[in-house]
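Q: As listed in TrEMBL for this protein:
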- B:11-307: domain 'Class II Histidinyl-tRNA synthetase (HisRS)-like catalytic core' (DOMAIN)
- B:Asp82, B:Ile83, B:Thr84, B:Gln126, B:Glu130: L-histidine binding site (BINDING)
There are 2 protein chains.
Amino acid sequence: MTTQDDLLPVGLEDALPERARTMTTSMRAVLDAMDAHGYDRVRPPLVEFEHSLAGRMDGVATRRMIRFTDPDSLRTLALRSDITVQVGRIAATVMAAAPRPLRLCYAGDVALLSADQLDPARQRLQMGAELIGTDSVAAASEAVSVAIDALSAAGVTNISIDFTLPDVVDTLAQEAMPLGAEQRDAVRRELDTKDAGGLRDAGGEAYLPLLYATGPFDTAIAKLAAIDAGGALASRIAGLREIAATIGDRARVTLDPTERHGFEYQSWFGFTLYGEGARRALGRGGTYTIKGSDEAATGFSLYMDPLLDALGAANADRRETLFLPLGHDRANAARLRAIGWRTVAAVSASDDPRALGCSHVLDESDVKPL
Amino acid sequence: MTTQDDLLPVGLEDALPERARTMTTSMRAVLDAMDAHGYDRVRPPLVEFEHSLAGRMDGVATRRMIRFTDPDSLRTLALRSDITVQVGRIAATVMAAAPRPLRLCYAGDVALLSADQLDPARQRLQMGAELIGTDSVAAASEAVSVAIDALSAAGVTNISIDFTLPDVVDTLAQEAMPLGAEQRDAVRRELDTKDAGGLRDAGGEAYLPLLYATGPFDTAIAKLAAIDAGGALASRIAGLREIAATIGDRARVTLDPTERHGFEYQSWFGFTLYGEGARRALGRGGTYTIKGSDEAATGFSLYMDPLLDALGAANADRRETLFLPLGHDRANAARLRAIGWRTVAAVSASDDPRALGCSHVLDESDVKPL
């Protein structure tokens, strides 16, 4: 006997009407918001050479990709697990001659062979925008702004954004607070777990203030600025302040300067997005360098899945739908659809308007509530 | 050295901004048209059990699918090559209890391991609608109508629709024009190649009139009706006439009663859609039975790829875009976007509004043409 659990592999699921409708609505809103900021959509293919997907950015683990041999080229192909790397490839190759900064956006499904420990899903809808040719403070401000606009347009409320400085340890370790290579790794690990004792034991006492420079932006950035690092952090602190200033009351801003999870390929700036009703982050972004072309870029990716249930509940009001009885006037029905009615036409005398979700019925040429 | 040809595997390509924009616009128009007729979108996953994709419908060749072993279940998974079978699975399982007729629609990418001889593409965008629980004449009329509305909404002009009777040989061979099993296959092959001599040689002389009952609907259906088959075709002919009558001047109707290519799983009725500027068919549909649940269904699938170039040319007028200089008033820019402006903000003093495709520039609070 087939049970419901046997129907689909673990981590793969159908979006049924309500969820699919929320996804469609959110996706359109996000794409329209990115388009309004001048981002052109591109649609890279589902499948590429594994080498191409893996070679353009750090942090993409090929062993977690769905891979197979191409009978045509006999090379290994892979199903994409991240669209950002595909946009990087497009920018570096077919659109290498397009004027900079180049604004590209995307929306599409990505898949993994094996799921994450924290997230059992093996397929996700990824949407995002990339500003290619710059990783300046102005670029970072734009990325943050577009991401907030996109989430707001999709109906996300109570947006908060957490800033990080992905390369802060490297920056400080160079000169101001010198660390050997091994010691640097140990300090990073202790900062990841926010373990003050471990940090001291690892010889990273000077890095302790980083642990406390977290929380609401204004107070956290003041603590970060108080770290005497001979000006090594000055430009980064000024940059973060400038970005935060452009956000205004559109989102709550926090700082966690040592957060590295999810920022494997970002350079000086990274951010994580949260919203009301979502248990996990809704997206991440920051500045980075496209591997291969070594071009600077700034962008973000959104994953709406954690929010679909919350957004779906907000959209759950039943839409008005008009039942068209057998023998209805087709031209009239077409006119009603043209002015916005959703119709359900009877295909047999036994069709039940209420069971089919209709709120109204066409009686001769009159629309009547059911 | 990497050449452009090395970038992507054969048959897989990027949709760059212009093409991607046409795809987005067409897809929204088609989905909105199906929604207006009461079809609810579902989003099945990219990957399923191979068995599930192959087992629910004839005409799906698993050896052309991208397949791999699931590390979780150790079963074979496949990338979908057709979304119709997935919608059939949803109707037969998770939505088995939903009231009938059930109207579902979909839009998504499908992929193949090896391309077709006629079409080198290994990935296509498939869109379609399925009316589940009926394969009546009324259902067939609705499928044809929704398909025409969807193509029209996407901007397709000069639509023509070719009707076929996929099981016509089986119907006639049962009694009116008896044929043995082997002879039946031979007759079908000769009808496929429209070879009158071969048809005679195969002992299918009685089937010759089918070869001539093709072309514009009114004359072709009259020729089909003239075949004396003891009433075996009467209900089908009446059905085709009823469907054609509902189309009016929205499309040109033709008949080719023995056309079988692309109708491997259809039952009594099939249709192919064409439009201005497309070298290949834009879609196919008809009546069928969902394997496993044995439920009758009627639907269609659209493949817009053959038309994207033609539609793209129609949309190619450059959109008005407003350049926002450094230091512009952000609140004002947000207001301009809210009333429909597309903006491109300067991120450095060297950003060139013309090179970035802008038609207007914001000068203090005034929008000025460039």
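Even glycines carry a Cβ here, placed using N, Cα and C.
Have a look at these and tell me how they're positioned relative to everything else.
A: Other C-beta atoms found within 10 angstroms of the C-beta of B:Ile83 (L-histidine binding site) number 22, with every protein chain shown included. The DSSP secondary structure for B:Ile83 (L-histidine binding site) is helix.
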Q: Other Cβ atoms within 10 Å is the metric here; tell me which of the binding-site residues B:Thr84, B:Gln126 scores highest.
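A: The residue with the densest Cβ neighbourhood is B:Thr84.
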Q: What's the longest C-alpha separation between any two of B:Asp82, B:Ile83, B:Thr84, B:Gln126, B:Glu130, the listed L-histidine-binding residues, in angstrom?
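A: Max Cα-Cα spread across the L-histidine binders: 13 Å.
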Q: What same-chain residues, at least 6 away in sequence, bring their CB to under 8 Å of the CB of B:Glu130 (L-histidine binding site)?
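A: Sequence-distant Cβ neighbours: B:Thr84, B:Val87, B:Gly88, B:Ala91, B:Arg103, B:Leu104, B:Cys105, B:Ala297, B:Thr298, B:Gly299.
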